[in-house]
Structure formats: C-alpha cells, structure tokens
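To start, I am sharing the structure in question, which I have written as structure tokens.
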Amino acid sequence: MKQIIKNVIIINPYEEPVKGFVVLDGDKIDRVVSGEPEERADSTIDGEENWLIPGFVNTHGHAGSSLLRGAGDDMPLDTWLKTIMWPNEKRFQKNTVEAAGDLALVEMLKSGTTTFLDMYHLNMPEFAQKIADTGFKAVLGRGMIGLGSEDEKKDKLKEAENLIKNWHNQAEGRIVTAVMPHAPYTCPPDFLTKSADLAAEYGVLFHTHCAETAKETEQHIDKYGLHPVEHLHQLEIFKINVLLAHAVHLETEHIDLLKKCNVAVSHNPKSNLKLGSGIAPVVQMKQAGINVTIGTDSTASNNTLDMVEEMRMSALIHKGLHEDPASSSAADVFASATIGGAEGLNIPGTGKIAAGYKADFCLVNTKAAHLTPNLEERAVSHIVYAMKSTDIKDVWIHGKHMMHNRELLTLDEEKVLFEADKQAQKLL
Ligand SMILES: [Zn+2]
C-alpha cells in the first residue's frame, strides 16, 4: 500500500529540516520529498505543518511489572527488589502480567515509543502474541535469574530458546528476540556463559543489567576479584553483540574495554536517580565512542515509560554533573533516543526518517505555547528541551497508523486502564 503524509516538517537529528512529504511503500519509507505531492496514493494524510519525527526506541524495560508503579518508592535497589518486586511478582497471575503488558503498550505508544526492549520472566510468549496482534515492534527476551536448582536453570534457558525459535524475526519482522540473563550478581558465571552460547547459536543480542549500584559492583569484585565488566569480558561474552543496561559504576578501564569490544549501553537516568543508584558516566562513554542509548526501565522504578521525559533527563543531568553545558547537544540526545537505540538493539533500518528505513514515526502537534516560536531551525532544541509527550498526536509503526489524534487505533485504551486498575486492586 502506498501512503503519503504531506504538509509536514521532517526532523532528523543532525539534519536540516525538510518541509514536504513522505511516501510510504508498505512498511518502509520510499521517499522524503520537499514541497507538495502531485502524485496519488492509497491514502494521503495532511500533517498540517506539524513535525514528523522518528519514533523513540526504548532500550530497556520490564512491561510485566507495570502494575507495581508507585508500590515501593524511596528505597535502594536491593531492598526494593527483595521487599517489593520479587514478593509481588511471586503472586502475579496470568491476568496480572497481561494487564501490565497492555498498560505498558498504551503508555509507550502515547508517548511516541515505536520500538522497545523488554526483559521479563513471565508470559513472554503471550506478550509476543499481543505485540504481533497490535502492531508494535519489540526486542523480547525471557528474563532469567541464574539461581536455583540445575533443573530450574535448564528450564529457564529452554524457555529463552523456545522464545527465539518461535518469535525471532516474526510478525513481519516487528519482533526480534534476545537472550537476557538478569545480571552478573544474580547469575553465576556458568549460567552467563550458557546464556552467551545460546545468543551466539542463534545470532541474537545478549542483554543484561550491569554495574547498576556501587554495592552490587563492590560485592562482585569481592566475590570474583573482577569488576562485572572485566568478568563478562573474561567469560568471552563480549565476543557477541551485547547491550548492557545501566553501566553506572565504571572506571576508565571499563569504559575502554566496552569500547574495544563494541558493547552498547542502555542509559536509564530516571530509574538510576530514583533508586539512588548513581549517574552513569555517559559523557566519558560517549567520548570514548560507545553507543549510549536510552531506556526507561520499568514503571516500578521510574515511574513512567515516557521517552520524552527520559531524553530530557539524560540531556540535562550530565550538563549539571560536569558543570559543562556543552557536554552533549540536543541532536546527540535525540539521536541516542532514536537511531542510536535501534543500532544498540541491532535493528538496522530503524530510527530515522529516510528512504529505505522502516516507517516508524510520530507527528508532533507544534501549536503550543511551549513550542513557540515555532521555527524549523529550533525544532531539535524544542524536541529535547521543551516538547511534552502529549504533543505527539499520531504514531506509525512499520507504516501502520497506530495512533490518530491521540486515539489508539489497535488497543482499547479505556479497557486497558480499567483492567490494570482491577488487577492492581486484586494484588493489594
Ligand atoms: Zn531493568
């Protein structure tokens, strides 16, 4: 199907805005053209001089725990995991996880996320089916804590493998899979190695939390005599494609090692701040040439899945921390939240509005005081420093119109919110 979205200002990081239209051929962008279209299409939408921007790529989250939003604030990671997350998750039923997943989809879509990574240990095949049915795009992995009996560990790896076998490159390529052991402090070395072998066998991404808190990192060093980054390297895990979540507590040598091994990082500033975990050395990592992407983590530690907020937080905290406003530009951060994220997730052809790329983008309503003066040359600045996610009025994923005038076209928002409240009540 040929679609045209006309009368828009196309904004990519680092590029001059284009006042014109985009032509879609099926799930791809066929052309980006300046001016007015004279050709015909199966469908033509008038963008009313609003901005067309790449959809956001959220590189770390746990949709299944969305009903725990606000359940345990103001505590450090280990206390929060042991007293809030893990005991609650033990009581989760199928309905709980489904309601949580749907809620996450609604929240992400309404804030302009078109691709996301999800690590979760419950009902991942069902979530994959939901994503396939509703038009989303995701990197999915069975979250695995490598503790327990040998049989339990084997079962987890088997589930991870089945997810790959059944869902990798499915739903017209909107779903890819990855291997996701939880973290070096919850997975012994042999479990990490087996996970990496599985990722290598199927040629998929390896994703894990790493060096999130000082405590966990110091305990790892005490136990193994190695920093978790050095340990993953020693286990030869960096020979495959790796994306690390957090990477907060790193020294220069660890940053150098990540760069040398081409490891990407998912920076989750709000979750790290809220749990008091620290601030990742993003400026140093970027200077070293590491691909630092942006993720929200779950609503249980964030407490939103709003990539606009996350991008702005990332843009601002490092300037303050380093007392250097030039430590990153709006374009850098916008790129990290879009094309950089897609590269970190190993999804080529995603994250940019250009010919040949997948048609994943958002239309932003620019008629608002906080986006005025509405000058094209200030668009990237406005997107990072002023835009609200509620300014996003339409969203497309793989050429499918997913939200129009803030109304979701593939999910019943009212029903999802009702069910989420109902399931959260049940948990109390
Ligand atoms: Zn996480």
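Any Cβ shown, glycine's included, is placed from N, Cα and C.
In TrEMBL, annotation is done automatically, which means it is predicted and not curated.
Not measured: the values here are computed from a predicted model.
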With HIS60, HIS62, ASP297 listed by TrEMBL as binding Zn(2+), identify the candidate in HIS209, HIS398, HIS401 belonging to that site.
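Within the candidate list, TrEMBL flags HIS209.
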Count the Cβ atoms, other than its own, that fall within 10 Å of the Cβ of HIS62 (Zn(2+) binding site), considering every protein chain shown.
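Summing over all protein chains shown, HIS62 (Zn(2+) binding site) has 23 other Cβ atoms within 10 Å.
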Rounded to a whole angstrom, what is the C-alpha distance between GLU89 (substrate binding site) and ASP297 (Zn(2+) binding site)?
16
Find the average pLDDT over the domain 'Amidohydrolase-related' (52-400) in the predicted model and report it.
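Mean pLDDT for the domain 'Amidohydrolase-related' (52-400): 97.
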Under 6 Å from ligand 1 by C-beta, which of these binding-site residues make it: HIS182, GLU212, ASP297? Sequence order, please.
ASP297
Fewest other C-beta atoms within 10 angstroms of its own C-beta: which of the binding-site residues HIS60, ARG142, HIS182 fits that?
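Lowest Cβ count within 10 Å among the binding-site residues (HIS60, ARG142, HIS182) is HIS182.
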Find the longest CA to CA distance in the recorded substrate-binding set GLU89, ARG142, HIS182, GLU212, ASP297; express it in Å as a whole number.
21
